[in-house]
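Below: one structure, written as structure tokens.
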Amino acid sequence: MALNIPFRNAYYRFASSYSFLFFISWSLWWSLYAIWLKGHLGLTGTELGTLYSVNQFTSILFMMFYGIVQDKLGLKKPLIWCMSFILVLTGPFMIYVYEPLLQSNFSVGLILGALFFGLGYLAGCGLLDSFTEKMARNFHFEYGTARAWGSFGYAIGAFFAGIFFSISPHINFWLVSLFGAVFMMINMRFKDKDHQCIAADAGGVKKEDFIAVFKDRNFWVFVIFIVGTWSFYNIFDQQLFPVFYAGLFESHDVGTRLYGYLNSFQVVLEALCMAIIPFFVNRVGPKNALLIGVVIMALRILSCALFVNPWIISLVKLLHAIEVPLCVISVFKYSVANFDKRLSSTIFLIGFQIASSLGIVLLSTPTGILFDHAGYQTVFFAISGIVCLMLLFGIFFLSKKREQIVMETPVPSAI
């Protein structure tokens, strides 16, 4: 299948703008979040693990709400409006509320941060992804070609994040609010009341439809697979790898700056892969594509246990550019092929996002404790071993079903 980027489709442009602005906002602080907490605020590995656990646990509550409500709303925007306000308020919150509280009253800062980040980012990311995926199915373009702009946004944010962070993290936080304001303006332009296809996903969704998903054995196989792979990968990539990489250099500041550059380049590659991989997944099937993504995941984690050369680790980091698009696109296509496509937000947010978050909640603190006592190498060996075991589980138990690809009527290019 030929690569088709539908720039003339106005709905594609809206979906791309949503993704670009959200992810550039997120990357400006999230890509260096662990370094900020540990290097600037002085949190221990145990405190860092506890903070990540509480953040993820709180986001689970919002994910459950977001998934069910957005499936009922179709493509209506109340929840997207909520996200836009969180983006705008991020700068003042981080500077005047979160940072002082973590230093003076860790428990209160922990709780307020978990509520804020869960509502706007950790659950909001899945909400926005599922919202743009609904747009893609309703308005006839591949989700990955729009999501690629989110990766480009993340790359741009990550590139400048390291530069501004080395001057003052507060610059990063204020820029998030600036891009949040632009996100809000884009949301104003997308007039959901004018679209004829808005209710297509939501039509006839009943309580029984949601219950049927949770009774499906295949759903729970999928959840177990996600917990055993994506949860551990997020712990590795978010909590451990940034500090590990920065520590490979003589100066922590130099390592932080180079990590920002590397992260930016990696996400540019990720964006290119995000646009191409949907067509690869259509060819090989979502199960096979998902398993390939997990093989890359295991190799990347294991390589960090075996090598400490910054050049080798930098090359290993770039594997993320293939792995993440493979996993995310495959999850959406696996969900549509195996479950009720009207419930795509519920499946993605509960089956993928909540499942991985539960794993992070349960595993972040033990991983932090293991790191404090044994160091990076032992933790990386342990995580890669578990991911390999779950790869075998997926080979035997994940479904091989595929969605039937149907040619759709083109959508008009203007609103």
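Each Cβ is built from the backbone N, Cα and C atoms, and glycine gets one as well.
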Problem set entry | Same membrane side for LEU102 and ALA246 per Swiss-Prot | yes
Exercise. So, do the transmembrane segment (261-281) and the transmembrane segment (148-167) meet, by the test of 3 or more Cβ pairs under 8 Å (sequence gap 6 or more)?
Worked result: yes
Seminar exercise, completed: Answer key: the stretch among 78-98, 171-190, 343-363 with most Cβ pairs under 8 A to the transmembrane segment (108-128) is 78-98
Seminar exercise, completed: Of the listed stretches 17-37, 221-241, 288-308, the one with the highest count of C-beta pairs below 8 angstroms to the transmembrane segment (148-167) is 17-37
